[in-house]
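The block underneath contains the structure these notes are about, expressed in structure tokens.
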């Protein structure tokens, strides 16, 4: 990393005037968060914009967009609001932690408090589970169940585990994730919530209360009284149900060259095993459905040379590139944000080919 850079990488940002969502390259420094457009695999200088962190407030988790559960909200001293979406809960929390540290950089006591909070665990005394459930049902500020898919089946009126954890924290029922997980487990034990689908049903067999509820974006839950399951018709799922049934091994934002127009776009890649598939999603769209993907069985993956533009790559795109050739000889050109990230993706894909 360059001098003074605390963190950098892709986040998806909501536009100010037209509220569309676009992937931008963000660089966090001690008092500023810069963001850049990406063209031809390179960040376009000067920056597209900058967020001054002095006097900023941060909201994480931010639940203002139902279909975007991995948001961070920043509100500047002049009341300008920025909504930034990460590719995973871990990545969102890492960004939030670093940004909060940068906001309070001049206050060592605040930074120390952050570290303590990150590692603390305390359940509030006298929790009224009925009050929590009533608030969860609130039409304006509660949990909004929606259809979710797991292993090819669509489950109506469900919510994902990590969304409930976010909700419990943002409503001050819990101070941290570990506490929220324990609280959610208690709600299940008292039959206010029910696990739905293979992932969450498997976890309740665990003896430890704190492990019975999954803080996970693939585990589904529902209110106990509204348990309904519906197997989707073939028309509703255009992708093979088998493709999306695997365990998520790795996910992240990468740039990909298009097949027809050969232009480069940032996509959220999700690597799954059993069965081994690599899917990619358009982060500017609300629906959580892949725009493409392929089986890794019999595929070849390799790094491309870093000096000059490799064969098959269009435009002046170079550095941190790799290529996946599928069994049917389709070539995918992908760019990571660093050599280390490229190496991690190649190693993870190779294990599944």
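One is the number of the first residue shown, and numbering goes on along the chain from there.
Using the three backbone atoms N, Cα and C, a Cβ is placed for every residue, glycine included.
Listed features, source TrEMBL:
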DOMAIN    4-104  domain 'PH'
DOMAIN    139-225  domain 'DEP'
DOMAIN    247-353  domain 'PH'
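Residue counts for the domain 'DEP' (139-225) by DSSP state, with H, G and I taken as helix and E and B as strand, are 36 helix, 21 strand, 30 coil. Secondary structure of the domain 'PH' (247-353) per DSSP (helix as H, G, I; strand as E, B; remaining residues coil): 12 helix, 44 strand, 51 coil. Helix, strand and coil residue tallies for the domain 'PH' (4-104), in that order: 15 helix, 45 strand, 41 coil [DSSP].
Taken together, the residues in the domain 'PH' (4-104) have a mean pLDDT of 89 on the 0 to 100 scale.
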